[in-house]
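Below is one structure, written out as structure tokens; the observations come after it.
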């Protein structure tokens, strides 16, 4: 930045100097008015007058000099000078040199070209690239000394590491494979959700193999000029051939690898020409021995079939969400850089974070460290990890948001309705936490934490989720009446309706329609799908689908109403606990559902200075009472969040 500033300052100074040199030269001596000059001529004090246009350089008889200018054309001036015996010398007007004339005439054009080059360099990222280097590859090469990542830094995806381990062996000892006539896959496509470690795994391959590593994003190929994408692909593979054996890593390849001939661009756009060139380079007339192309995407369904055939991306490696053992390994990797308390158990944290990706777990460790730093602690304990988990799962607390007592009470009944239904319907995830502290965009949150990694869901579980989603709205309706039900259940209704429609149209849970697929194809144009949508059902079938969805929701809605009606005492008690503690966890919910006295949450401080402890400071044993009334097991399911 400093070098560019100095360069532009030097250019500005040079231009100013050039323009000053082209300007009229300054006359020597002082300047006097024209009337004084005429008086001195009449008084015979002038010896010589040099006339150059309107400028007169005067030399007096006492050798003093000055300059004056003729304001208007004076035809009598020459006669007057000759009469007084003044030596008159005529000088031709100054004309610019040929070089100056050329410069002045071409300067505007040169200035425009210079500005255009400047902006093109900025668009190309500046640096040492020329203004016309659009076709040069933007791939960045990392040498083996720059890549410090190894397989030891990658955890939670053992199967994926095994899949790519032979790539490392080939890059280390290619002769061992070539002797037996074996060919290593030319391309490996890593597929998986965001944040699962696809890019990290590619870097680990390069770090283990100790070979040059070219990295580029799929969006770096295509820009504003036609032909740039294909040119960059050619240049990238030319660089890779010089550095072979090497690895080319293309992140988010779906940016250029989408299916051809579909979408709004028809079959002839710049992206498709880039893809065509990539297909040729990967497996065309000329081979690329020693070059392994690794690509990553979370949308393999939109890629062109020619890109996925053997000879190009021979192998697809699925990098999925880690299981509980994988999450434990990932947490241990990220915990290396954090000072931990003695109570930290990565296995417990892993069991409490189902569905977390590697990036989510890294964020969890970082958030826990930040919580510890805010509390001026020297180590990170389980308390900070619990706070970090709640923040990631439910959103940050908004304690500054002012709520009236009536709003807090309505929110407490709403969240209590979710929790009670979720606790009493079969096959539902356990209630982890209920809070009426605003988090994120929600006024309150009821969070259900699965006991394990969910692979599939039964019909009963799905219907239980629908009942739980309507628990909040039903609690408001029972307590306040239909006229005073709030809009807080809008997201619950949306999730429940989509869930019921999927059960009917995709998962075959309708006796009337049977196990058939009725859902329409949902592909956006920009993802390489067709613009037109095909309708796969008649109007009569669509009407039956709507009836089945409504019947499914009404059945679970009525079941949830009956559960709350039978357990009104628990609903009121949970509301009171939420109004007092604001947040309750599983132990408090257990007490409420068993109709016992509620123990205070861990770390809760009574503003009145009293608590539920004996003289030794330990909580008193809860008082057992009757069990809640549960309905007969029926068909049932529930969403993770019931937000107010």
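For all residues, glycine too, the Cβ spot is worked out from N, Cα and C.
Features reported for this protein in Swiss-Prot:
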type	residues	note
TOPO_DOM	26-98	topological domain 'Periplasmic'
BINDING	192, 193, 194, 195, 196, 197, 198, 199	ATP binding site
ACT_SITE	415	active site
REGION	599-644	region 'Disordered'
COMPBIAS	608-619	compositional bias 'Polar residues'
COMPBIAS	632-644	compositional bias 'Polar residues'
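The residue listed as 'active site' and residue 195 (ATP binding site) are 31 Å apart (CA-CA, integer value). When pLDDT values are averaged over the topological domain 'Periplasmic' (26-98), the model yields 79. Each of the binding-site residues 196, 199 was scored by other CB atoms within 10 A of its CB, and the lowest score goes to 199.
Each of the binding-site residues 192, 193, 195 was scored by other CB atoms within 10 A of its CB, and the lowest score goes to 193. Taking the recorded positions 194, 197, 415 in turn and counting surrounding C-beta atoms within 10 angstroms, the largest count is reached at 415. Helix first, then strand, then coil: DSSP counts for the topological domain 'Periplasmic' (26-98) stand at 17 helix, 24 strand, 32 coil. Long-range neighbours of residue 198 (ATP binding site) (same chain, six or more residues apart, CB within less than 8 Å of its CB): 190, 191, 192, 251, 296, 319. Excluding 192, 193, 194, 195, 196, 197, 198, 199 themselves, the residues of that chain whose CB lies within 8 A of the CB mean position for the ATP site are, in sequence, 190, 296, 298, 319, 357, 358, 359.
The two recorded residues, residue 199 (ATP binding site) and the residue listed as 'active site', have Cα atoms 40 Å apart. A Cα-Cα distance of 36 Å separates residue 197 (ATP binding site) from residue 415 (active site). According to DSSP, residue 415 (active site) is assigned to a helical segment.
Under the three-state DSSP scheme, residue 194 (ATP binding site) falls in the coil class.
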